[in-house]
Amino acid sequence: KPLEGPVQNQIQFPFGYGLHLENYSASSGHYPQVPHEAVPSQLNNQYVADYHSACYSIPVQSVMTPSVGPSMLNTQQSQQLYSGAPHPVESAGGPTQGAISSASHLHTSVPQSYSALSSHYSSLTSSSVASQGFPLSSGHYAMPTVSSAVYPNLSYPSMSIGSPYGQVFTSQSLPAVGQFEETNAFPGQSSTVPRTLPHQVPLGYNSTSWSTSDFQSAQDNFSRNHTGSQAKASSQINTGIVLSCHCLKQIFVLFLYLFLAIDSSSTTSSASPVINNYDALEGGGYPETNSATSSPAPTPQTSRAPKPFGYGYPTLQPGYQNTTPSTSAMQPSNPGHHSGFQQYPQQYPGVNQLSSTLGGLSLQHSQQPESLRPVNLTQDRNILPVSPVLAPVPNLNSDLRKLNCSPDSFRCTLTNIPQTQALLNKAKLPLGLLLHPFRDLTQLPVITSSTIVRCRSCRTYINPFVAFIDQRRWKCNLCYRVNDVPEEFMYNPLTRSYGEPHKRPEVQNSTVEFIASSDYMLRPPQPAVYLFVLDVSYNAVEAGYLTIVCQSLLENLDKLPGDSRTRIGFITFDSTVQFYNLQEGLSQPQMLIVSDIDDVFLPTPDSLLVNLHESKELIKDLLNALPNMFTNTRETHSALGPALQAAFKLMSPTGGRISVFQSQLPSLGAGLLHSREDPNQRSSTKVVQHLGPATDFYKKLALDCSGQQTAVDLFLLSSQYSDLASLACMSKYSAGCIYYYPSFHHSHNPAQSEKLQKDLKRYLTRKIGFEAVMRIRCTKGLSIHTFHGNLFVRSTDLLSLANVNPDAGFAVQMSIEESLTDTSLVCFQTALLYTSSKGERRIRVHTLCLPVVTSLADVYAGADVQAAVCLLANMAVDRSVSSSLSDARDALVNAVVDSLSAYISTASNLQQSTLIAPNSLKLFPLYILALLKQKAFRTGTSTRLDDRIYAMCQIKSQPLVHLMKMIHPNLYRIDRLTNEGTIHVNDRVVPQPPLQKLSAEKLTREGAFLMDCGSIFYIWIGKSCDNSFIKDVLGYPNYASVPQKLTQLPELDTVSSERARSFISWLRDSRPLSPVLQVIKDESPAKTDFFQHLVEDRTEAAFSYYEFLLHIQQQICK
């Protein structure tokens, strides 16, 4: 079955791979009113009694976690709680059957000293206990009781009244008997769990009879003593045994061989286990060892030699021997990160011996790379490259480099990972990941196999960076556990050969997608369900958006992602809420009006969401009629809150997507808002107020929707202040997306109308993933502590995404909890489990491999300046809301000051009085200045509050490639396009003009310039622009005849026209959303929109680029 969207051109595999035949276990109709990916738990009546059934007959089991009282959630203690020992949700025994654990709130509560970036900078790290917390209650939504639910429901922890969103008090019981019956203990170890366990511990108290931490500690100790014995033994060889005693050495090698064989014999299979709750579907570890991301707090220890896995093994089969000629007697000392099939040598080299075999990881011993070339920023005025900046390539050997994940999907702020947190702190650079996990791919290996091979300890998916010890065993590259190769995995359908598991596509591609089995489901995959909630008040009708929306839906109705089960519904609202009965068999749609907005209800629940194919004609009739149904309305009020309550009730049985179109401030019923913007403060250089929500109604609603696998997308089309800071919460916490069209009017603002049309076409037809979760894993020793994006954090490393779309980006912050002295490479893996619109459960896996370095120079050499700036932008948004905009701005400046100061102080041959940066960071000050002048953070320039909030929302949800164009647009001169340097794309010749500085000094009145801002293209035409360009490209005889609101280029049969259109089309094809084009004349009022992006120029309220450099230099020299 073909995938929807661009994935249709996927790699074709022989039988056993690719897309499987249609075999949906889900039937049409309603599903039980429960979330698909809910973690079974006791219901917490304080939170969900209003609408969740309390009558489920399924027995509930959960893992006990230490209760977290108010005192534990203060800044210092929560940091200690996190950094000392990550919450043992998974590590306590793998598949947790508990509700959302308190870890889901603790992981973001770390104000992580982020000591990498000074005291000013340290507070940039977001503190999201509140932002990710739960509401006090959910009394807005009354739902019918489900008496015959088949699937367990989702429970939320109760909240304290103390903080804005409450604090977590979670106490859950230990695993009940039999919960881990499918997992294998170590030989001789029995997983005994007391048969009588308390199901609840009073709020604010810990269980004294059986402490989870004690249970965990004992288990951790046993696990470390057992699985880590080889490393300890290796250390003993180095320190306590004389190596010259050959006999003792051989005896010990034999002991290791036998012991490893015994250990691996307990891992009878690496395939998917039998799973009985959702947290374990994608994630949960096994009780015998800890999850890589849930490892206990590091204890002080001396550096030890790398673990000698594979030491002393007999000669491997030909397919497992080294494939590259050895240039020295040593092979890389990487405990598990080889390219899949390298044999370990008899002698195991230390970390400092790796440079020759891993492509020169230790840069300081070789010729200085270009990325470390010192650049004098105050003297070199031409630092901007002539072509767009590319992601740096990690310094790996060629084999690993070929296998690595694309930076378009997975990118780290440092392509050389510091060995210790101290080294990272010294570099003063942020460490984090930028993710674009569901992006459109032209080629994607789709694997249908009965066995999805995963590590039995940390549940990492097998990938190109694991090590095969022999044909039957592989070692995890994240936690280093040795696993068995399942029998089914020995056969490779691609080559139709047996015995070469390292040639399977899972081990040859760092991005793969698995067709998941029923083990990864708790209910049949949901159908695609779309509900449109439309504002039909006077403002909305007058703006004219309804015609565009209905027309776009009519044009794309057959292109909506889905299958024969796809369902659709419509709700409109003004001061009342209107429903539409579209049941098959009716002669025309029926409008049902509910005027009681204080207690909104569903008039005919079974006929409001209908099968798209069965009721298509009625749906088309409604879409044709809607634009004219409210043309004479005089109703100015907006009951958005009640309409959303009704939408939530309607969608809860299945989940799906709610698309909300709103044109003004909600003024009636639940969630009503009042104007908070003072127009006189738009240009304030001091305090910018009201960046946070005015009410928690929309956040509560979003959390309820997320629990029922429903995402809310917001389209705000407003000509006045609408409090986007409050409204945006409905999308932020439900994994939805936000679109904003300021000053929208179908005729007065044609550019916005065109943008809405193009956005809707993409929005309605792009692929979509339902009921998704995403987990990010990393090598032992690394820790993830803060997430950014439109999502809900379910546990320490599990993100809940009711919907996932290919235009959504995410970011995470990381720290180094344990020294990485035992490894030369680290890996990161993200796994996205979702239901496709065709009803298939799928898992998309990306794996990234990066080298570990020990010198400060190497850290700077591997800095990815664009990724660092995007991560800092996300952190600054959180800081603006939690503290103030001025604090966020100061922190961004300090980020530059601290990093360049640290670099200058470590370079002994540099003059301390000059502003020097390594080549890898030469654009850092420019990008930060551009960020400070962006709408989200600028001061002193008139900025509407909703515009500022929308820019912040974009920063938090855009993938890096789109976010960078928003921060620092690309400027090209297009009136002199030539064939020099052209590229050929699909039989089309595309000119490649050089990038220009974002400065007015590069503009000439004789030229025409194109600025690519990501979502919009500006073409600025000088007063004295050559008439031949205006005639040949714009189609007008001279400059004076060019209209003020030109939004497209005509197709003219001239060389200049073909070149210009070819270049613009090439830029458009590089992004999912088609940007609108706006031609701006030199004297046009719209030129302020163009000139505000010239970030290198001075404004009344902001430095020029050169002045900013002098300011940075002055701060460094203090």
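Along the chain as shown, residues are numbered 1 onward.
The backbone N, Cα and C atoms fix where each Cβ goes, and this holds for glycine too.
Those TrEMBL annotations? Automatic predictions, nothing curated.
Listed features, source TrEMBL:
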| type | residues | note |
| --- | --- | --- |
| COMPBIAS | 288-304 | compositional bias 'Polar residues' |
| COMPBIAS | 318-341 | compositional bias 'Polar residues' |
| DOMAIN | 452-488 | domain 'Zinc finger Sec23/Sec24-type' |
| DOMAIN | 525-764 | domain 'Sec23/Sec24 trunk' |
| DOMAIN | 769-853 | domain 'Sec23/Sec24 beta-sandwich' |
| DOMAIN | 864-964 | domain 'Sec23/Sec24 helical' |
| DOMAIN | 991-1064 | domain 'Gelsolin-like' |
| REGION | 79-104 | region 'Disordered' |
| REGION | 286-341 | region 'Disordered' |
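Each residue in the domain 'Sec23/Sec24 beta-sandwich' (769-853) gets a DSSP state, and the totals come to 0 helix, 60 strand, 25 coil.
Pairs of Cβ atoms less than 8 Å apart link the domain 'Sec23/Sec24 helical' (864-964) most often to 525-764, out of 525-764, 769-853, 991-1064. When pLDDT is averaged over the domain 'Sec23/Sec24 helical' (864-964), the result is 93. Mapped onto DSSP helix, strand and coil, the domain 'Gelsolin-like' (991-1064) counts 24 helix, 14 strand, 36 coil. In the domain 'Zinc finger Sec23/Sec24-type' (452-488), helix, strand and coil residues by DSSP number 2 helix, 12 strand, 23 coil.
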